[in-house]
Amino acid sequence: MTSELPSPSLSPAWTGRTDGDAPEHLRWHQVVRPADGRGEPTTTQRHPGAGAPTSGARSTALIGFASDEGVRRNHGRVGAEDGPEALRGALASLAYLEGTGALVDAGDVSVDRGDDDAPGELEAGQAELGTVVSGLLNAHDLAVVLGGGHETAYASITGLTGSTRVGAGTRVGILNLDAHFDLREAPRPSSGTPFLQALRDAEGAEHQLSYAVVGISEANNTRALFDTARERGVTWVTDEQAQTADVTGVRRWVRSFINAVDVLYLTIDLDVLPAAVAPGVSAPAGFGVPYEVIHACALEATQSGKLALADVVELNPALDVDGRTAKAAARLIHTVVSRHRTDASLLA
């Protein structure tokens, strides 16, 4: 496991078309800057305690998790360790919208892939990413993790609960857009275990944790996984219930979940999308949730005034077709960042 500190020059992926330097011409690659440290605020903390952000210019921090060791352990197709750079490349030329605020990139936490005889140091990488995420959340309005396999999620949630956003009695919500519960019982952590790990960690903790999923495939989750979900109080909407004709009802369901929490973490597993939209994942969907429904869910989350953290996971560039998956993911990230609100009262 290695940690790549930010350098004065950004990743070479942050390049793209330039139409001019005036505000109306800007694209992300012209605006994003390297973080000043591994998530440590360089002046005063933007978030001295749980609750609404303090006043000041908006800022979003990006951090990559170059890992697919969890996918390997879960018997998936590896390649997601290259996801962060592909996501940066897909984001680079997107338009920088007025009001987006500052964008900083904190580089990558990387996990070397292992094998059955010598597993990679996933747990150490997750611990480091969690520490970095905590620091970023204390310094910025929003943190976005670029995965990586869905093992990213365990580091994300530990980073959130370890930050000043979460205190005694804070109701934390995880909204997962995914075809799978990822509640597997396994001897070692993997991309299939993060939410069972998180729910177990929350037992006896001072904060409360709720978990909801949009996009569950009944064909790809065993009865044991559904039983675990029920036992753990998980709520879900299936892929069949989340089609375009049902988008209003899905948005209402998501809004109801968000209304019952204080702080929200959004995690988007790209295998929730139809295979034609997202071919570049370890487990392409045979059915899937239409892109416009997933986009609507992301919009509900980011405009709620409660979203602190998001991640986008399971992009496998080696399996992508014409960059479709990376572009679909980048548009979701763009929406989450550019439409993000820190106060629900700002909404019309």
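Any Cβ shown, glycine's included, is placed from N, Cα and C.
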For the Mn(2+) 1 site, TrEMBL lists HIS150, ASP178, ASP182; sort out which one of ASP36, ASP269, ASP271 goes with them. ASP269
Within 10 Å of the Cβ of ASP182 (Mn(2+) 1 binding site), how many other Cβ atoms can you find? Include all protein chains, please. 28
Counting only residues 6+ away in sequence within the same chain, which have a CB under 8 Å from the CB of HIS150 (Mn(2+) 1 binding site)? GLY70, VAL71, ASP178, ASP182, SER191, GLY192, PRO194, THR267, ASP269, VAL313, GLU314
Cβ contacts within 10 Å for ASP271 (Mn(2+) 2 binding site), all chains included, total 29
Let me know the most crowded of the binding-site residues, choosing from ASP178, HIS180, ASP269 and counting other Cβ atoms within 10 Å. ASP269
Apart from ASP178, HIS180, ASP269, ASP271, which residues in this chain have a Cβ no more than 8 Å from the mean position of the Cβ atoms of those residues at the Mn(2+) 2 site? HIS150, ASN176, LEU177, ALA179, ASP182, GLY215, LEU270, VAL272, ALA283, GLU314
